[in-house]
Amino acid sequence: MKPIKVGLLGIGTVGSGTFNVLKRNQAEIKGRAGRAIEIAMVADLNVARAKELTNGECEVVSDGNLVVTNPDIDIVIELIGGYGVAKDLVMKAIANGKHVVTANKALLATHGTEIFKAAQEKGVMVAFEAAVAGGIPIIKALREGLTANRIEWVAGIINGTTNFILSEMRDKGLDFDVVLKEAQRLGYAEADPTFDIEGVDAAHKATIMSAIAFGIPVQFDKAHVEGITKLQATDIRYAEQLGYRIKLLGITKRTKVNGRDGIELRVHPTLIPAKRLIANVEGAMNAVLVQGDAVGATLYYGKGAGSEPTASAVIADLVDITRLATADPGNRVPHLAFQPESMSDTPVLPMSEITTSYYLRMQVADQPGVLADITRILADSTISIDAMLQKEPAEGETKADIIILTHQTQEKNIVTAIQKIESLDTVVGHVSKIRLEQLS
Ligand code: HSE
């Protein structure tokens, strides 16, 4: 059978990894796919570098339009990133009947509905294993391996940059700003780290997982996005004393509010029990925990970024498409796991309606009745206390730190209670609030 021809848009870190792994493992990949997979054309603005990386083994152009309109190309790999040129070229590739492989989580989380609809109409596949957790085959697991299950929740460490920063903060007791600079120096964080540290990258990935897990459209605009920039070393230390680690988690969960079904979709720093396996995922590694009703909890761990780990996911998609290219489009794996007519309209809930537990830290005057006032406010809001820690004032200080862990409650209850606590004369400044998940 003649080789399947691939056009590559962007030969940066992941693109060159894809080129190299495809070449290195070509015999095995061909044995698995049933046909050779050949990168026939590369488009990159830096033509000279692209030619150097591909050793004259394929055509190199600067204009991606030449790739997506080339009748000889069967599959287009989009590794440009962003929503501008990338979206334009993906839509053109689909319109020209090409299958698409992309690592672009931002594009799918925001424009996925339009892209999948166009692909459905044209009878082509859009594959995106590399968009979530790099080399970990989490899309495959959710969409195919766990297909028997009603997925209950998914919680993941899906951003390596922030996990590296949190690990360093905990290990070395350093503040966020100091560790961020170190992470940038070591190449773990980008020069502009905003998308990573503000939780946007993790929210793109959580949005995609939410769609596949629950058969809902991709809805990044409904996700709650909170990064790690405000996290203090003090909170990491107190969490540890209480038996917890703080991780930036992407969480999506089925829930019921007042008898109505809803989906939680949120990214924020989260306390998790230190004894959980996922709490011990350190450095730039990723891990995703999935709870299915039949299988129980399953955990997926590996590298969430990097040249060859991400290439591993891109090539897995190439092989899948190669195997299914001649299949009737109706018999292929649906883009979002569920057949288009079986998609659900269960709403993504506003943050005020989510239910979780909380870590609260406040500074108070060390005098009689303060604790009683605080616990009374929590009791009046029907918030039950799970654990509490009071630290005596430091030498020469008059203020004490109080840390409270609550049982589960709705976010709106805790917000109201915090407002009341902050209005007490004996409480100094703001109450720090971090959500807590048992993940059991
Ligand atoms: N910047 C991401 C991370 C990798 O730090 O995990 C690509 O999504």
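Any Cβ shown, glycine's included, is placed from N, Cα and C.
Under 8 Å, Cβ to Cβ, and six or more positions away along its own chain, Ile11 (NADP(+) binding site) finds Phe19, Val42, Asp44, Arg49, Ala50, Leu53, Thr54, Leu79. According to TrEMBL, the feature NADP(+) binding site maps to Leu9, Gly10, Ile11, Gly12, Thr13, Val14, Gly15, Ser16.
If you look up TrEMBL, you'll see Lys105 marked as NADPH binding site. Reduced to three states, the DSSP call for Lys105 (NADPH binding site) is helix.
Its own atom aside, the Cβ of Glu190 (L-homoserine binding site) has 13 Cβ atoms within 10 angstroms in the protein chains shown. Taken from TrEMBL, the feature L-homoserine binding site covers Glu190.
Long-range Cβ neighbours of Lys205 (active site, proton donor) (same chain, at least 6 residues apart, Cβ-Cβ under 8 Å): Lys105, Ala109, Ala131, Val132, Ala133, Gly156, Ile158, Asn159, Gly250. Taken from TrEMBL, the feature active site, proton donor applies to Lys205.
As annotated by TrEMBL, domain 'ACT' applies to 359-435. In the domain 'ACT' (359-435), helix, strand and coil residues by DSSP number 23 helix, 33 strand, 21 coil.
Highest local Cβ density among the binding-site residues Gly10, Gly12, Gly15 belongs to Gly15, counted as other Cβ atoms within 10 Å over all protein chains shown. Taking the C-alpha positions, the distance from Val14 (NADP(+) binding site) to Glu190 (L-homoserine binding site) comes to 16 Å.
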